[in-house]
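These come from Swiss-Prot:
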BINDING   83, 182  heme b b562 binding site
BINDING   97, 196  heme b b566 binding site
BINDING   201  ubiquinone binding site
TRANSMEM  33-53  transmembrane segment
TRANSMEM  77-98  transmembrane segment
TRANSMEM  113-133  transmembrane segment
TRANSMEM  178-198  transmembrane segment
TRANSMEM  226-246  transmembrane segment
TRANSMEM  288-308  transmembrane segment
TRANSMEM  320-340  transmembrane segment
TRANSMEM  347-367  transmembrane segment
């Protein structure tokens, strides 16, 4: 008799996606981050749901409701810090996942890649709105500064900002709508994840070599299920360690001060995972130019498949491109550091240099290096 997992209308979808799915035999640990992101999303939705049961999205009570969660709700402190640090873990996995895609040429699956970029934007929007909800100083001023950037859009900018604010400043209406969207977006992200997986399973996975692996496939279960479970354990151990030993390591102390529109914090900055984009924004003296550079710093990923001129898909056998890739990683770390520094000499010039190099590497140096490698291989 045929196994029920192969005949049941619902189970056979699960079976073809997670059990009998043919997978390349050479996948390294860099392929673990997709499933880790799934776990992060699950943790965020669960902890967020329980936090929403106790949170109030009103400017008068939002800060106190978060304090109440931490002090009076059973394991409320654990929920709050799991949610806050879970977001950091989410972005660590996201950036590593995107980095893996760039290194091994996974972007040649253009549908999967483009849905991934859409997912990145959706998760960033969710995280930004979530950061506003505790209604601390950095929440309020971060929301004010970032939403105010939209006023740089010609003609409609000012009206657009006031429409998003629901008034003439960030206030109760802004907080309420941000809470509504912050609750809704993760479910949209979940739907996009399903589309992402649908497109991925149309083509099958890439592998470290970048060579088609059709002749050498193995079933996803038990090989990669066990491997993924090990990844879950490692990540959840790291997250638990962060939450239980140093929950405020990645947060901003200013967010423990209730929001006050009359006092501006000395350094307004977003969470660490947005600092690289924030540094690029600050590097350009013109407001509209800065906003365009900020958007392009992420949207540039969409043109990476067009810029792929190498005869080889993966960077595994391309040492020159590898050097350039790791230089790009170093630039991103530099930008993250600069984003957290005050706007003064020498940080300004370092930020501007790193921003120029970031775009230069992706737009010009990587394609040129690929051409040189093609020539060296006499193709």
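The backbone N, Cα and C atoms fix where each Cβ goes, and this holds for glycine too.
Feature annotations (Swiss-Prot) mapped to structure.
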residue : record                   : DSSP class
83      : heme b b562 binding site : helix
97      : heme b b566 binding site : helix
182     : heme b b562 binding site : helix
196     : heme b b566 binding site : helix
201     : ubiquinone binding site  : helix
Smallest Cα-Cα separation from the residue listed as 'ubiquinone binding site' among the binding-site residues 83, 97, 182 is shown by 97
Fewest neighbouring Cβ atoms within 10 Å among the binding-site residues 83, 97, 182, 196, 201 goes to 201
Lying 6 or more residues past either end of the transmembrane segment (178-198) yet within Cβ distance under 8 Å of it, the residues of that chain are 17, 37-38, 41, 44-45, 48, 52, 55, 57, 112, 115-116, 118-119, 122-123, 125-126, 129-130, 132-133, 143
Tertiary contacts of the transmembrane segment (33-53), defined by C-beta under 8 angstroms and 6+ residue spacing from its ends, are 69, 79-80, 82-83, 86-87, 89-90, 93-94, 96-97, 100, 182-183, 186-187, 189-190, 193, 228, 231-232, 235-236, 239
Listed stretches 77-98, 113-133, 347-367 vs the transmembrane segment (226-246), most Cβ pairs under 8 Å: range 77-98
Beyond a gap of at least 6 residues from its ends, the CB atoms lying under 8 Å from the transmembrane segment (288-308) belong to 98, 102, 105, 107-108, 110, 113-114, 117, 120-121, 124, 149-150, 152-154, 276-278, 280-282, 355, 358-359, 362-363, 366-367, 370
